[in-house]
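Following: one structure in structure tokens, then a few remarks.
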């Protein structure tokens, strides 16, 4: 049993202490008043989310109503499931869903190991000065906007004068490929540029998790005769599993969103068939086309799918791996 | 220490080579763009420029500075970055600190209220309509006000504040300092890494944001640099556009200056947009690893 020493040197158990020092009951009002300054600090924040997050959620009723310029965000006449039917009746929309799923699966699943591998590779570097320099270089693309990244890509991949095409020419190819315009190159380019931009940054958290693994685990493994590669497999990877899972759940909410900036900026008439995703379609029909009700309905489906998926996966992993978001 | 603790040498060399290649794929493209931006535009069209300019020229940059809309865009970008970051980081730090006060009645519900917006949102269109209802669209405030708070940043700040030594704060409380004074003179100075990180995130977010300028603003004079660059890259011929914008004799004067192409102008603008980030980055970089990893690992 834990014992405590009181101010006059007596030894008391926790129960005894609690009996002596019963917490004074304070009325809720007094407690609220005591925290006035903290509520003041929080107030603008709550107002902000009420206006910019919860008010738009209210605007989701627009999915079931006709939008009119004078009826505002809550919309006019009730139209039922008209917009949802309209969406599923159009066969082109299935292509957009497919494109979205392909891109988001590439990003969520195929791209997942890359930052982890990079973090492990960094953790194996012993020269910490060189390592942190190289690490800062790999973080850099994260801070460069997609506008610039796509701009650089278009230049490097331009026909004839682009760096890649010139290389192809040197090796005897014709070097006039329009990489950015051709359908067949769209998904690989999306994938490569996505990994390139995020690999360094995403490795930070994994790297920190690896650094937090207690060194004695490695010592024990090496005494057991495990080679370095086996140690990575049996100590490092299990050590960062919970970090991997949490980051994965967090990213799942965006499964029906393939990342707006990158895709919108990489779109052009040449790749239109594979580059239209749900996100870009919402912007095209809604913001640019003015079909507010229809675009809201699509956004609603996207949002619900993301929410449900996050909750379900979180429940599964919290039972199976004992790591969850909440 | 036994021998197998060490990574074998060939593996270490391979490791270094692979990481080196990754770093080169990051540095070389920027060097290529830099070389093109300092090269005579007409000459660059012949191709063959790698990482050094062949026909040195500053004309692309002087042209950027002659573009009134680009200079105006730069001003807008600087304004929103400075104002948006200062106010935003201050407000987020206050909110996050209040959320760490364990005795605060209703703390759990307030946190949930904020956190839920990360999982679900009204989507693009209702959000846009709210901005229109508030008369924010087509004003400069559409850049500042809707991006004052970010849930991820609040959570990061909160985690960091939670790790601060409570004893220091308690001591100040017993000394009779007001809660706000404690926040300002004790909490904030102890939180430099996370504040630097959040400031960098927020500032870079403002600087890079082209979306608001493209979809929420119609007035040309309100468009930030990022939006102008995006328009420039989308438009196939930026030079034709310059000719359209400039009037009369000026247009003929421009036609003479064929050493600049739309391509070379774009390259100079790209460098112009990237430069501030690359310059600030090394100074803040040392903070942000500490700033984002604190508390993000479950042990």
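Each residue, glycine too, has its Cβ placed from N, Cα and C.
What TrEMBL records for A:37-55 (among others) is transmembrane segment.
What TrEMBL records for A:96-120 (among others) is transmembrane segment.
Annotation source TrEMBL lists domain 'ABC transmembrane type-1' at A:97-313.
Feature annotation from TrEMBL assigns transmembrane segment to A:140-158 (among others).
Panel annotation: around the transmembrane segment (A:203-220), residues 115-116, 118-120, 122-123, 135, 138-139, 231, 235-236, 239-240, 243-244, 247 of the same chain, lying at least six beyond its termini, place a Cβ under 8 Å from a Cβ of the stretch. Under the heading transmembrane segment, TrEMBL lists A:203-220 (among others).
The transmembrane segment feature in TrEMBL is assigned to A:232-256 (among others).
For the transmembrane segment (A:292-313), the residues of the chain that approach it from at least six positions outside its boundaries are 59-60, 62-67, 75, 79, 83-84, 86-87, 249-250, 252-257, 278-279, 281-283, 285-286, 325, judged by C-beta separation under 8 angstroms. The transmembrane segment annotation in TrEMBL covers A:292-313 (among others).
Packing against the transmembrane segment (A:37-55) from elsewhere in the chain are residues 73: each is 6 or more residues past its ends and has a CB under 8 Å from a CB in it.
Long-range neighbours of the transmembrane segment (A:232-256) within the same chain, counting only residues 6 or more positions beyond its ends whose Cβ lies under 8 Å from a Cβ of the stretch, are 100-101, 104-105, 107-108, 112, 116, 119-120, 123, 202, 205-206, 209-210, 212-213, 217-218, 221, 226, 278, 301-302, 305-307, 309-310, 313-314, 317, 321-325.
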